[in-house]
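What follows is a single structure, written as structure tokens, with notes after it.
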Amino acid sequence: MPSNPIATLTIAQDLLRCPSVTPADAGALGVLQRLLHDAGFDVHRVTFSEPGTADIDNLYARIGTSAPHLCFAGHTDVVPPGDQAAWSHDAFAGEVHDGLLYGRGAVDMKGGIACSVAAVLDYLAANGGQPKGSISFLITGDEEDVAVNGTVKLLQWVAERGETFDHCVLGEPSNVEALGDTIKIGRRGSLSGTLVVDGVQGHVAYPHRASNPVPDIAALIVALGAEPLDAGTDTFQPSNLEFTSVDVGNPATNVIPAQARAKFNIRFNDRHSAESLQALIEARVQTACGNRIRARVEWLPSNAGAFVTRPGAFTDLVVAAIAEVTGRSPELNTGGGTSDARFITHYCPVIEFGLVGQTMHKIDERTPVADLETLTQIYRGVLQRYFA
Ligand SMILES: [Zn+2]
């Protein structure tokens, strides 16, 4: 059998030529379905619905029935291209210029998916068509928007079939400057709220007959920023509360307003849950209020808790594969925003490793073709070690 049945670049170009801006699939999952079916995978296309959201197409494919079970996860949907006239090359043509593959999704994350599929097909071709265990692909079309009909439901669907995963590699663009510099082993959680201070409206000339919420909310903002939420952990930076706007909505200069509101977001580590943080912040607000200030916090629902995959045999194996191909020793990082790994972590240990993220979501999103080859070799090395 050929050692490389299908080139990574060809798969990436076929995916990029499907304009799969969330919630559209535009044929992207079909590209994977054909390749995986032909390689002997049991392929399922599953559509999920939720009132008020678009129906979303998803794909789950597995080869093998025994443990260990390694899953490659990802998303074929992409963010909109923005001003298409500003692109140097068509956002949905999958063109290569000067060794760079252009297109929306080139790094986030159709390129990463192409690398994992090519690596798996190559591994199977070299091993009689069957892994010593199971390999699966968990691919959604709903990551970049509300993410309610994607990975979170597909994981439930797989669990209801009685299937379990042992480990998962999510191919999001984890690297900062160069391929092999960063593995994401966890993410901080995210929680948003609004601090509301109620005063008493009145004329500025008669402040004793009013209660001004403006200095009061300023005092509470200072108080909440004065005490750290924690000191960080061995794998996470300290949790951080950041105020993002203060609003009074008062057009007049001679009226003391009735209410002031301040929005904030907290990025938190695994010392906290959303619930424990809410209790902590509300207690600190009440302490700062004393008996005088009337304040409360309105919370937005959060589905993004903090999680970490502790360094160990699995991360060591990925680090070794990266070092062998690139010579780099990756940093194990927990920074950045959220991803579907926050759902996968409830089912099995998950790490994120993909392409270099510099151009993701930007005009002229692109990846060096050489990086596609390198990432394919790294995933190939992961498979070799995992099933050794
Ligand atoms: Zn992504």
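All residue numbers here begin at 1 and follow the chain in the order shown.
Every residue, even glycine, has its Cβ placed from backbone N, Cα and C.
Those TrEMBL annotations? Automatic predictions, nothing curated.
Together with GLU144, HIS361, TrEMBL lists one candidate of ASP108, ASP122, ASP166, ASP181 for binding Zn(2+) 2, that being ASP108. TrEMBL names ASP108, GLU172 for binding Zn(2+) 1. Of HIS75, HIS89, HIS97, HIS203, the residue it gives for the same site is HIS75.
Cβ packing within 10 Å was compared across the recorded positions ASP77, ASP108, GLU143, GLU144, and the lowest neighbour count falls to GLU144.
Counting in whole angstrom, GLU144 (Zn(2+) 2 binding site) lies 8 from HIS75 (Zn(2+) 1 binding site) by their C-alpha atoms. Note: the Zn(2+) 2 site is recorded as ASP108, GLU144, HIS361; in the same chain, VAL78, VAL79, GLY105, MET109, MET360 also have Cβ atoms within 8 Å of that site's Cβ centroid.
Cβ neighbour count within 10 Å across all protein chains ranks HIS75 highest among the binding-site residues HIS75, GLU172, HIS361.
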